[in-house]
Every structure is written in structure tokens, then in C-alpha cells.
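Notes to accompany the following structure.
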């Protein structure tokens, strides 16, 4: 039977519950246990797909096409299990499911209430999500409950967790509570009172934490840990100090050294082999002792909120670990490039335009792409970044001066990028969309296998086939592909059924390394293995740096 570890947060949000849960899962996996993770989000949105990146940060896309919380990206980077749609659900999905059941008459005329109907549905979703991994044979499922203890939105989830613990019995559920111990500069000391109140609030709900993870900007002294232990009624060895680290990949070792995995295994009556964190130590060592250093310019419109590009930033770091390179990222606001200021691009070793939506800032991105092409700076375009590379090429090399995407200009004379209205999804089903379709859940989503053209950079990087995840509505217009190819562009990968361009590149006679991809490779990069495309991109940046210095 799968055992559960519920991870909750107190005092404030953004303490890093997702990284804490993923780190604990990584330690348990290193002990030979089969682990999976779930994220429960208390907002009423069905999923984060239509939420602003400023509100929510990145939307992480799973292999089966779910638009999910960015914490699922952390989960996949820390453990070997692949996340699915069932690994993330929201209050909106729970209420939607309960209301559908009520309309079908499944409650037999009963008054439908938060308790027991909503809490029962939450428990069913949790158990179904845990059963989706490892053929239903996961040893431990870590369940992160979003929000903060005390928020009205989180109460049904916490109550469901309490009921699960009661129903399953002792030694089948554990609770890890993440809380803040702030340092007050004027007093020159750490304050434990917020943590005491947070634990008290949790105990009022009926939950006593197995372990307390105390977040601070510095290690918490033993006397403060003893004080927290006394007032929170938790053994002192279960009060874990989690201080700010310069790399999230140091957290598994930090938690293991303080015995968190031992506490959880004892609580759940598990007796696995000792933890082996040598892989994590090796990765941290590679990160801290690089042989090279490069600077990549990321040109976007959400650059003030880097959470919007979380998986992409981590993918570049992974590539750095696997090429002995420190990768510095310069965030460049594309709107500032629209009025000039291209001189900020000159010192860069490579330029990257990530995915995005909407017209704002696109002309600045196109100017950055033109600069990269004309100055032979390695370029990687992802999703929108590929579409804009096609537009730039069409305007300046293929004679279509007003080329554009119908996303930005419906009246353009040359719609080289247009709305995709019909395609075959990963399960072979025909999907159809129009400009009037709902925004939520109507994109081309999830992983798809695509053959690669021989003799291209894409083939050198990927081999014969690409299997990557998508999240987009617009595609390169096949009508213009012959004209683009005649001007020198290489379409190096196409979908097998609709023949839609998936990868484009420029031949070496035109540019040393210029690649665009319609998919999102950052979602499949892990610190363990890196990603072939990002490794090739970093290597191209290193080569460019050497050419400049020669």
C-alpha cells in the first residue's frame, strides 16, 4: 500500500514547499523507494493555463498534455518519475467534478456539502494520482498542499489530509510543515513566534507535524531549535533548519544531513537502504567548479519575473553542469529593444528568445533575432522564438517585408505564421480549433514524436527522432515553406501527419549555429542527464566566445 507524506506551508507563501518536497522525494528515491509527488492547488481556476505569468509564473506541461503548476517541473527534475495530469489538481477541478456528479444524481438527493463530499473527492483525487505512477505500486507519495495554513482556500485540502490520516491509520501518513523563522535586523535575532503560531494553527485543524522545516536566511542555532521544539510540541531532532542555499541542488544533502528522511521512514515504518546522494554531490561540484563561463541573453517580456521561465533557466544550468560551464543569464526586456539599445546584445555569447503569447514586445524580439543572425551570434528560438525567427527571415531574406503572424496582425499580406485549426494529438485523435475557441485547454499540448531530417544540426543533436512537449496555438504556415527554403532556411523536423514544421535552422554557410524549435525542450531537461539541445547550444556559445577572442 502507498504511504503518504503531506507537505504544508505556514506564515507566508513562496517558502519553497515544492523544492522541499522534491528534495525529500529525491532522498527517499536514493534509498531505493518508489516515489511520486502530487501538487494540490487551492485556486478555483481549472488549471493555470490561462493565468498571467505575473500571477502564477511558468505553466509546466506534462507528457500527457496537462497544463500544471511549475512545482511539477521541480518534481521531474529531482526524481525519475514522470508527472501526469493526475499529479496536479485544483479546487476548480474538484468542484467541477462534484457538481457533475450532483447533476447526474450520484448523490441520491443528498445535500452536497464541503464535508463530506468535497473532502471525499479530494481524497479520491489524491489516491488516483498516487496510483498513476509505478503501475500503482509507489511506496511513498508526497503531496504538496498549496497556499498557507490559515488561508480559507486551503481548509478543505487540509481537512481531507486529516481524514486520510485517520482513515489509513498510524504509520501510513506523515506531515511535514514548512515555516518561516525571520531574522529581524533591528533586533539582531531570529524570531520563532510566527512558527509557533503556524504550528498551533495546524494543530487546531487536527494535524500534528512529524517534522518542521524552518526556513531562514541562515542556519538556525540549536537553542532556537530547542525553543521551537518546546512550543510546537515536536522533538528537537524533527526541527530541521533549512537556510538559503545558492543552489537548489544542495537541498537534498542539507535535509539528509539533519535526518529528515530517517524521521519520515521511522514514522511510516519503512526500512530502506541508506541514502546515496553521490549524484547530487557530483552535480553541485560541477556547478561550483566550472572550467568556462558564458553569458546568454534571454530576450522576453516577463524578464522582471524569472519564475515565468523557471524550467528554461534550470535547463541552461543543467547544460552548464554537463559542459563544465558557468552559464550567466542576462535578462533583456524586448520592449526596450524596439526603440534601439541593440548595443546591449554585443557582449553576449548567445541569444535566446523563449516562448510567449501576444503582440507586446515582439518587434523587439525580432530585432534581437536579426542582430544574432547578422552578427553570427548563436541563436536558439523556442516556440514563439522559432516563429519570430521565421518572420525575421521572411522579412529580410525571403522578400516578404510585411511578413507576420496572424496572432499579431490578421491583415498581414504574408501570414508566415498562422493559427493551426486541425491536427492529430499524441493519441491519434483529430483536434480542431478556431479563433472563437475557448482559451483554456485548447492548444496543441503534450509530447509528440517527430522524425528528423538527416544531415542537419537537428539530427546531430537528437538523432533520427524528436520526442518533445508542445504548448502553442500557432504554427509556421506550410504555404510559405517552399519560399523560405529557397531563400536558404532548412526545415529539419516536421510532424508525420500534417507535415508541420517542428524545427528550423540555418546552414553553416549562413550562420554557425541558428536553431528554432516549435516545442518546449526545457520541460524534459534534468540535472541528472541535461538535455542534448541545450548542451549543443552552450557548446556553440563557447565556440562563439573563442572565435571572438581569437
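Note: Cβ is positioned from N, Cα and C throughout, glycine not excepted.
Keep in mind it's a predicted model, so treat the numbers as computed, not measured.
Taken from Swiss-Prot, the feature active site, nucleophile covers 383. For residue 383 (active site, nucleophile), the same-chain residues lying six or more positions away in sequence with a CB closer than 8 A to its CB are 354, 355, 356, 471, 472, 517, 518, 519, 520.
The active site annotation in Swiss-Prot covers 520 (among others) and is backed by sequence analysis.
Residue 522 (active site) falls within a helix when secondary structure is assigned with DSSP. Using a 10 Å radius centred on the Cβ of residue 522 (active site) and all shown protein chains, the other Cβ atoms total 28. Annotation source Swiss-Prot lists active site at 522 (among others), citing sequence analysis.
Annotation comment: Swiss-Prot describes 13, 191, 192, 193, 194, 195, 196, 227 as UTP binding site, evidence class sequence analysis. For residue 193 (UTP binding site), the Cβ neighbour count at a 10 Å cut-off comes to 13, with all displayed protein chains included.
Feature annotation from Swiss-Prot assigns CTP binding site to 13, 151, 152, 153, 191, 192, 193, 194, 195, 196, 227; the stated evidence is sequence analysis. The number of other Cβ atoms within 10 Å of the Cβ belonging to residue 194 (UTP binding site), over all protein chains shown, comes to 15. Secondary structure from DSSP puts residue 194 (UTP binding site) in a helix.
For residue 16 (ATP binding site), the same-chain residues that are 6 or more apart in sequence and have a Cβ closer than 8 Å to its Cβ are 178, 215, 242. Feature annotation from Swiss-Prot assigns ATP binding site to 14, 15, 16, 17, 18, 19, 71; the stated evidence is sequence analysis.
The Mg(2+) binding site annotation in Swiss-Prot covers 71, 144, and the record cites sequence analysis as its basis. Just so you know, the Cβ of residue 71 (ATP binding site) picks up 26 other Cβ atoms within 10 Å once every protein chain is counted.
Annotation source Swiss-Prot lists L-glutamine binding site at 356, 384, 385, 386, 387, 407, 473, citing sequence analysis. Residue environment of residue 407 (L-glutamine binding site) contains 19 other Cβ atoms, counted within 10 Å of its Cβ in all protein chains.
Among the features that Swiss-Prot reports, region 'Amidoligase domain' is placed at 1-270, with the record citing sequence analysis.
If you compare Cα positions, residue 384 (L-glutamine binding site) sits closest to 522 out of the recorded positions 19, 192, 227, 522. Fewest Cβ neighbours within 10 Å among the binding-site residues 19, 384: this applies to 19. Note on the binding-site residues 356, 385: the fewest other CB atoms within 10 A surround the CB of 356. Within the same chain, residues at least six positions away from residue 15 (ATP binding site) with a Cβ under 8 Å of its Cβ are 9, 178, 179, 180, 215. The DSSP secondary structure for residue 384 (L-glutamine binding site) is helix. Here the CA atom of residue 473 (L-glutamine binding site) lies 32 Å from the CA atom of residue 17 (ATP binding site). Of the listed recorded positions, namely 191, 227, 520, the sparsest Cβ surroundings within 10 Å are found at 191.
Ranked by how many other Cβ atoms sit within 10 Å of their Cβ, the binding-site residues 14, 196, 387 place 14 at the bottom.
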